[in-house]
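Notes follow the structure.
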């Protein structure tokens with residue numbers, strides 16, 4: 001961009017399309033004389049078919065504000081052939097000449113071929129003294145502050161775009177419209193934000209523009225979205241400066257992050273991957289409060305008792321190393337941890353009363369007894385449903401646990417989703433991320449899905465409780481749920497099927513993209529081994545992805561203790577949608593996004609699972625020879641990309657009303673020479689993946 005000093009008229013060279021190469025004496029193209037054309041009256045704003053001004057470009061050597069990404073073509077420097085004497089006096093910054101011209105009775109609101117009036121030109125003059133004098137002069141003669149140019153921009157738009165807060169103040173004093181829209185739907189605040197005019201943005205906000213922070217242009221973008229964005233490029237420095245001003249003035253435009261200490265009351269055992277430390281690692285990363293502390297290691301020893309804590313903060317169960325700092329300023333988010341438990345009525349809209357009562361009674365019984373380890377949950381649910389003793393899951397292999405605080409934790413998790421939905425639908429937040437546990441998308445209407453081998457770490461289905469709440473409150477008539485956990489959201493699908501008969505056909509949409517493998521002699525079935533087909537009648541879209549252990553040419557049973565998944569473009573498989581991150585993105589683009597856009601929801605809920613990450617415990621498979629294999633290889637960039645795509649669709653439909661709820665994502669095994677088991681659990685990657693998901697929700701960096 002060149003120097004950062006203030007620009008002079010000589011710094012700006014207008015170029016027609018054919019004049020972009022260095023010029024030489026006598027070779028510039030000249031416009032024909034005005035007499036060659038038959039112009040309409042000067043009051044007409046549209047050029048005649050016989051003459052259309054060439055597109056104008058700027059050779060910019062300097063800009064008025066050093067932090068501006070671009071100085072646009074302005075009314076003050078544009079070349080015109082239909083100017084009047086008053087236009088010329090204003091462009092020459094001749095205050096006395098303009099006053100004399102007005103004294104002669106010259107029409108004050110005449111527009112040249114670009115639609116610019118003399119007031120447009122005055123508001124865009126580069127030098128403050130003549131600019132203020134001419135704006136004041138024209139306003140005294142009742143110049144129309146609402147008149148628009150050929151692209152729908154008012155004088156206020158141009159004052160904001162040029163960074164002239166003095167002219168902007170004078171125009172506002174005369175009643176210029178803060179909410180004025182251009183042909184592309186942009187307000188003056190959009191223009192100030194896009195072009196990095198921080199002083200003008202603050203001036204507009206001080207005059208009541210804070211209410212316009214959420215206003216969207218024709219592309220569904222707010223001033224936050226377009227900050228520093230010109231010609232498809234984003235100036236990150238400008239973007240940060242403008243977003244800080246906007247978000248500090250309008251906190252309701254921030255992303256709200258909800259969490260609660262009650263979620264740590266759900267205890268699963270020191271060595272369990274779905275552990276309270278998942279939440280601690282994520283919160284430490286995204287709230288910028290993490291401090292380096294001694295790593296805790298997960299040790300497995302015969303007879304080792306589980307640690308119990310009423311606040312769910314065991315002293316061991318994995319590493320707590322701080323991941324790389326998240327590039328997300330604190331003003332981008334509002335952290336909320338004060339919200340009520342989900343009402344029992346909200347639970348009963350999606351879950352059977354008998355199931356809810358069983359969970360409550362079991363937790364109460366555990367509270368009344370002495371402190372002890374969490375108990376197996378899946379056989380408890382099976383027994384409550386009348387299963388024979390021989391058919392109950394072996395407690396020794398049960399992966400889903402229940403503790404004295406599990407009922408409160410699960411209700412609080414659902415309460416976070418309800419609170420987030422209420423805030424987003426009421427316009428009190430841009431969107432929301434609920435960092436809660438236990439996860440919920442495997443919990444069906446009666447908990448355990450018939451035929452399933454596990455409750456999948458889930459108690460209550462928070463996302464579906466939220467979807468039902470939104471529909472029941474009539475604040476949203478069409479709700480979409482997109483699940484990108486590596487496991488099929490079988491519980492959510494079950495609830496959708498149960499709710500469908502009592503809802504309008506277009507009320508609820510569910511889509512899940514997940515690994516799918518029914519298993520064979522070499523590899524067992526990948527949990528829950530469902531979600532292989534759609535149900536179009538019920539608006540259910542399932543996108544099964546083949547695991548990496550099924551990729552073409554992969555040697556059978558050729559795993560290792562902790563195998564590393566492939567990176568980059570993964571080899572194609574003959575089943576499902578192929579293997580790996582490249583196929584995952586392809587399937588996401590071709591199946592999830594078009595279906596979501598066609599449904600056009602009023603509210604988008606995300607079951608956000610991060611267990612598809614490379615080397616995450618959640619997508620591993622133990623083969624017949626007890627060797628581990630990795631099923632998917634997603635990275636932080638993939639989660640950020642998917643979130644950006646979903647948010648982009650929501651901008652068109654909702655607009656932008658998105659609530660994301662944490663589901664899976666557990667961390668990665670790492671070798672350890674000091675632990676009895678030879679490994680430890682690192683949650684650093686999980687925290688980074690959730691962090692990039694949050695960055696995409698805020699829009700802080702802009703779309704890639």
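Note that Cβ sites are derived from N, Cα and C of the backbone, with glycine treated the same way.
Caution: TrEMBL annotation is automatic and unverified by curators.
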- Among ranges 253-288, 289-324, 325-360, 361-396, whichever one TrEMBL labels region 'Disordered': 289-324
- May I have the DSSP-based helix, strand and coil counts for the residues of the repeat 'ANK' (114-150)? 20 helix, 0 strand, 17 coil
- Please list, for the repeat 'ANK' (184-208), how many residues fall into helix, strand and coil according to DSSP. 16 helix, 0 strand, 9 coil
